[in-house]
Amino acid sequence: MLSKEEPACRQFHSREKTWGNEHNGKTVTQANNKEHKVPAVRRGDIGQREPAAHPASHIQGTMASENTGEQATCKDQYMDLDAPGNNLEHSWLHRHCEIPTTLHQRAKKTGRLFSGLFGLNLMFLGGTVVSSVALSNKAVPERDSQSFLCILMLLSSVWALYHLLFIRNQNGAVHHDHHAGAMWLKASLAIFGVCSIILSIFEIGHALLLQNCEILMDIVFFSIEIVFVSVQTVLLWVSCKDCVQMHHSVTRYGIMLTLATDILLWLTAVIDDSLEQDLEILQSNSTQDESNEMAQCQCPTDSMCWGLKQGYVTMFPFNIEYSLICATLLFIMWKNVGRREKLHSDPPRHTFQLRGIIYGPLIGGAALLVGISVFVQYQVEATSGMVSILSYHMYYGYKMIILAPMIVCSVAGIIAHSLREKEKKGQKETGRSDQDWLHMEDVGSENKNTDYSSGQYQSSQGDEKIQGYSLAQFALDNEKEKLEHRQGNTTKKHNTHQGKMKNYTRKLDVTLLFVSAVGQLGISYFSIIATVVTTPWTMLSALNFSNSLLLILQYLSQTMFIIESMRSIHEEEKEKPGHHEESHRRMSVQEMHKAPPSCLDAGHLGLSRRVVKEMAMFLMICNIMCWILGAFGAHPLYMNGLERQLYGSGIWLAILNIGLPLSVFYRMHSVGILLEVYLHA
């Protein structure tokens, strides 16, 4: 009986030999040394199997052969991960644990717990400091929060350089998670990072041109932010796929420090952006002395200082998105620290193509052009301070026009996914039936060839017995496969030596999608209540009510479509592409002629796939337009006055300042996921 300290592969080999001794009376090694090859259960081996001596021994031999294959896979690909010389994680709390792999798992969980608590407390502390500047009526000076953030950015930059220059250069220090760090995410990281650096440059120029204001701390803060953004962008571009196997504690705490810094910078940018939106209200409620003090640090509208201010105000949405993207990538890196799972091979690369996709890009492009025209026209009037009723009607009318088709497209995409799943199930059953008949024919032909080569005469009655026996043998094989499918064949569906390959990126995407959707849903429900209570109803009230209701339906339907699409992608990734490729390679020319058209026409873009691609492309373009409407310039929710009359300026502005940043992130995050859906469909 083996002890638990032995590696998993050796235990599996021992169980394999024990099973063979109990049921066959012979070891698996002896079974493999026979001249008679044991047939495999895989359908790709049709045409290569030989009849066994007895159905029961056939099933036993098959299971023995499969276990041997799994042992080879485990030994060749994954045994090196748990070898004694490798870097297993240790923890002082679990020092009495004598099993290395168990100690590694417990130490990993303990490291996640303490580093997570460290990051959480740091976020709460920094969030209190940053928000106190805006809520304490200048009792907490802004330079205190800037000094705190400067310390965090410097420490994070030092850790990032240490990770890039020291940890990653050691042998065996890094494995890779191929699910993390999608190309569209890295491209967004680079673009938004450049925009954040430009924002800091504009802030420095704006601070230098101000007079009678304290500018030294502002210059220091934005200079350090430029260094931090540059180092962090390089770190995440290079290391976003890393599964670090050395210096686990330093890496976890460094990642949490950097992640907390990004969250606090995001909160600072959200507060600054909200204060720019609320500036007129703050000035109207302030005293004369406060207004004079605020006017001393304002730029004339016709100066270069005013132009730089408009520049960094325009860059706020990019900086907000940059901080959130960095936080998501860092969270995946933190989850992957100490992870000792490896894929069999790299996942397939998907290229962006518009072949056969016409209506989605065409209609979406038209909606984008019209939306930009409406947006520019509204912002011109909002900048002048006088927004006409016609501009409100055009703004809300345009949103209603695009929201209704987005709802229809989301529902159509969900239906297309269900039809596609049904079609794939039918093709799988058809292919299995055809392969079964091919197997029966091959078994019969092999029996006849064997009889003729041995010179033995077979009567018609003997042929019927052989065919009946072959059918019985095949029925036993088929029942065994169905039983394994129902109970779950753990040796086949696990991609790693420690279990099923986890995809932390996809789980995080779904979580962020749900959390960010709460912002717009809350705003919409508050708007609906305010519109219903306010009397009498006007055209603007009706448009606001309809727009809020359509937004709720659109968020719910699009979220369901995205989740259903990601589930479909996950189901496709669970299938073994190498197994199917091997099966197709083993098909002879005669079998290809006998195969149904559905098996040979796999590259054809079916109706359900085309519908999913069309819907994903249209929704992606419309979400880009909705992101532009919510992220840039003035927003009608600040200016129409319906909700402000019911809730008051302070409460309504607080609702908007919390909900709108989440809504903006939802749109941008949806664009990335919809692009992934389009590529995988």
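The backbone N, Cα and C atoms fix where each Cβ goes, and this holds for glycine too.
Averaged across the topological domain 'Cytoplasmic' (1-112), pLDDT for the predicted model comes to 47. As annotated by Swiss-Prot, topological domain 'Cytoplasmic' applies to 1-112 (among others), with the evidence given as experimental evidence.
Taken from Swiss-Prot, the feature compositional bias 'Basic and acidic residues' applies to 1-25.
For 1-26, the entry in Swiss-Prot reads region 'Disordered'.
Among the features that Swiss-Prot reports, transmembrane segment is placed at 113-133 (among others).
Taken from Swiss-Prot, the feature topological domain 'Extracellular' covers 134-143 (among others).
Annotation comment: Swiss-Prot describes 144-166 (among others) as transmembrane segment.
Residues or ranges marked as topological domain 'Cytoplasmic' in Swiss-Prot (evidence: a curator's inference): 167-182 (among others).
Here Swiss-Prot flags 183-204 (among others) as transmembrane segment, drawing on experimental evidence. Taking Cβ pairs closer than 8 Å, the transmembrane segment (183-204) reaches residues 218-219, 222-223, 225-226, 229-230, 232-233, 236-237, 240, 308-309, 311-312, 315-316, 318-319, 321-322, 325-326, 329, 668, 672, 675-676 in its own chain, all 6 or more past its ends.
Summarising the annotation, Swiss-Prot assigns topological domain 'Extracellular' to 205-216 (among others).
Taken from Swiss-Prot, the feature transmembrane segment covers 217-240 (among others).
Look at Swiss-Prot and you will find 241-248 (among others) tagged as topological domain 'Cytoplasmic', backed by a curator's inference.
According to Swiss-Prot, the feature transmembrane segment maps to 249-271 (among others), an assignment based on experimental evidence.
As annotated by Swiss-Prot, topological domain 'Extracellular' applies to 272-317 (among others).
Sequence annotations record features per position, and here Swiss-Prot assigns transmembrane segment to 318-334 (among others) based on experimental evidence.
Swiss-Prot lists 335-358 (among others) with the feature topological domain 'Cytoplasmic', giving a curator's inference as the kind of evidence.
The list of residues near the transmembrane segment (359-378) in space but at least 6 beyond its ends in sequence, with Cβ under 8 angstroms from a Cβ of it, reads 387, 391, 394-395, 398, 402, 405, 613-618, 620-622, 624-625, 628-629, 632-634, 636. Here Swiss-Prot flags 359-378 (among others) as transmembrane segment.
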Contact count check, CB pairs under 8 angstroms to the transmembrane segment (615-632), set 318-334, 393-415, 508-529, 541-563; argmax is 393-415
With the greatest number of Cβ pairs under 8 Å to the transmembrane segment (249-271), the stretch among 113-133, 217-240, 318-334, 541-563, 652-674 is 113-133
Under 8 angstroms for C-beta pairs, at least 3 of them, ignoring pairs fewer than 6 apart in sequence. Is the transmembrane segment (508-529) in contact with the transmembrane segment (144-166) by that rule? no
Message = Are the transmembrane segment (318-334) and the transmembrane segment (652-674) close enough to be called in contact, which here means at least 3 C-beta pairs under 8 A that are separated by 6 or more residues?
response = yes
Long-range CB partners for the transmembrane segment (652-674) (under 8 A, at least six residues beyond its ends), listed in sequence order, are 182, 184-185, 188, 270-271, 273-274, 277-278, 281, 317, 320-321, 324, 509, 512-513, 515-520, 522-523, 526, 555, 558, 562, 565-566, 616-617, 619-620, 623-624, 626-627, 630-631, 635, 637-638, 643-644
Spatial neighbours of the transmembrane segment (541-563) not adjacent in sequence (6+ beyond its ends, CB under 8 Å) are 392-393, 396-397, 399-400, 403-404, 406-407, 409-411, 413-414, 417, 510, 513-514, 517, 520-521, 523-525, 527-528, 531-532, 534, 615, 619, 640, 642, 666, 670, 673-674, 677
